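Some features that TrEMBL has for this protein:
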| type | residues | note |
| --- | --- | --- |
| BINDING | B:639, B:645, B:679, B:683 | [4Fe-4S] cluster binding site |
| BINDING | B:683 | siroheme binding site |
| DOMAIN | B:5-302 | domain 'FAD/NAD(P)-binding' |
| DOMAIN | B:320-389 | domain 'NADH-rubredoxin oxidoreductase C-terminal' |
| DOMAIN | B:422-469 | domain 'BFD-like [2Fe-2S]-binding' |
| DOMAIN | B:558-620 | domain 'Nitrite/Sulfite reductase ferredoxin-like' |
| DOMAIN | B:631-766 | domain 'Nitrite/sulphite reductase 4Fe-4S' |
């Protein structure tokens, strides 16, 4: 049974940055790469340092995809699916995210 | 096989070059080498002779590294003049009576100064300008003289005039031709050069034919053919050279009609076992009075001697790029436009005193020559266009217009043939450079070390860089020039685009000059540039998304996602009340405390959501941000200085506090540190800092571009014994020039190494205002200083900026990944395996 949990309002997200949400005990990073309402969500835990920091990373474009670079050692994770560019052994979880009536929602299973 | 007995007569620049190159190419045991050196010094740099008067150290002009001849087992006969050659017995006789046999002989006796047959020219206190011994005599005479004349306004004459000025002699230059440097310059170029030299208090007399020199009661009178005269104390003749061919004449070698030892295209004289190279040689009735052709002859003679394939000597290009009395002068090819139907393009900037002229063929297709005075930055490009007969762009005048006019055509190095000479000083071709790149040299420094290209006058470095970049991109290796996939510009170029275009947001920068979305390379670079140009609050919505990890939350992020907090304690000063306040705050928030390497207190382990309240408390206690998280001026480290220290000479703490406050928070390409020491004991380690100040009895010595860290570098002295006002002025300019021109994340030490001309160039920019930008630099830095605000104060005073410091957007719970374990009475972050999750 999956459900959508409301995290915050879209305007709580400054364009081109991310935030961290607590979703059923998991730390989830939600990114808003542009002015519009397109959002991405992946785990907030940097799997290399095991620290809850990815929402604080810089968003960058490489090879046509959007990635976040960890603020610690700059490894990059693909926003749409959590793939790690440097080492696929460190891929992380991606979450479904949507905007509904300006509310940011994450799906939990 | 027995070694070949090789004698080199003459140990000037070319004679030494021959030996140096010989050991680069031949085996140590292949030759048994003897050098006859008539002068009491080993080979020295005759081109920069006047610098002898700056330090009087013959050793600093020496071209021979310590122990070079000994290590190669060369027999050096110092002070021994070769007086005759027996070509039958194959022996050379020295003035002391020594006899040395040879199999092969190289004559590199150079030239003698020519003194015109003017009555009185052979009198007392008349000198020539050729050797260190001549210089010693001139210096001696200068001690008892006030006024000196240099006869000859050519290259050597102006160099001599510079030497006289260094000796504080009132200097006259007397030239027969209507302009200075008439061999190299056209009329307008010569006039501008004259104006610049006259501004240095040197009196120039052109069109003067010296008729006689009369000894007066005090000094001498020079009388000219036009009836005028000047009174002087001594005269230096710099009226040209004559090949030193006496030895060859006496040995029956063939001599040219106007003198000089005749050589063929392999530098052999009429006796095939004897070579002649440099200014003593004459090829095709031409004598080559520059060092570069002499070096080329040395190369050819070596290759021929070793039986290797070599391109024959076919003359040499006499183009030249020089610095005379601090003035840049360049002359290429047909500088006077004598070629029939040639056309000219002329650029004149009277304010900056720059003159450039292009001489192009009648059909506008080829470059025939050029004259450059005051700015020789185009020299390398133009020389290549001329030497390789490359088709000119549609509008050749664009080649000499200032770069701010935009779209300055650069000749594609791809169009150059492999045989194209890139470095004319050391005679290195494009093909040789390409070969070095293919063999693995991927930086300009490596190419310089391997091929020697660019190690002479350095004028070809831009061209070498172009060859490197072109070749690397051909090989598919990314060239550093481009910042990233989103911007095809360097940091320096982006700085200008932002500044000139008044660009304040990344979106605008991307739309106007970039492509795509941006990335973790270009975003922080842009953030740093915006800060360096406009110094706005870095967390404002338009800028916040560009900030790198530390700037992003105004603290240094640690391995567990917590931050360190470093308040400013300018100059390392902190009051007891301040210490107590910091201690209480550290206790309250359970922060690990230590002293940093920069004389500041750091508090570690602050959680993201705690940062605003901790800073609020610090600010209330009178602190402000220390910018330890920023690529910016961090701090000034000081020793205790003359107020307390019994050895102190200068008040280093007061000065350190003042300059730290002056520059605090200004974003720079990389972090910057200052050190201020109150005496030469140097307790603040100022010479390991980007800017270092050391007090002297007379003021302050200003050092720049030092570094500690991974590649330590001692700073260079920019200027000595300055008053505080001048120090600050130079520092203003230095910082802004660094901000403008460095590459991204390039510390000052590396930046200096990348500046063509190094510390001398930097000095000419900052002290002599060579680029004419100092007023602008000072204005820019003042603008940045006026914009300074404590960004933590701004943050704690504006609740809307604090929202993003929450760890969870949807919960007040703390980050449970941040856990501590005790260590040495304080604590450290728990390792992942030590963490406990409930």
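Cβ from N, Cα, C; glycine included.
Shown in sequence order, B:640, B:641, B:647, B:648, B:652, B:677, B:678, B:681, B:682, B:684 are the same-chain residues outside B:639, B:645, B:679, B:683 whose Cβ sits within 8 Å of the Cβ centre of the [4Fe-4S] cluster site. Across the domain 'FAD/NAD(P)-binding' (B:5-302), the prediction's mean pLDDT works out to 92. Of all Cβ atoms in the protein chains displayed, 18 besides its own lie within 10 Å of the Cβ of residue B:683 ([4Fe-4S] cluster binding site). Of the candidate ranges B:422-469, B:558-620, B:631-766, B:422-469 contributes the most Cβ pairs within a distance under 8 Å of the domain 'FAD/NAD(P)-binding' (B:5-302). All protein chains considered, the CB of residue B:645 ([4Fe-4S] cluster binding site) has 16 other CB atoms within 10 Å. Taking DSSP states H, G and I as helix and E and B as strand, the domain 'Nitrite/Sulfite reductase ferredoxin-like' (B:558-620) has 29 helix, 14 strand, 20 coil. DSSP assigns residue B:679 ([4Fe-4S] cluster binding site) to coil in the three-state reduction, placing it in neither a helix nor a strand.
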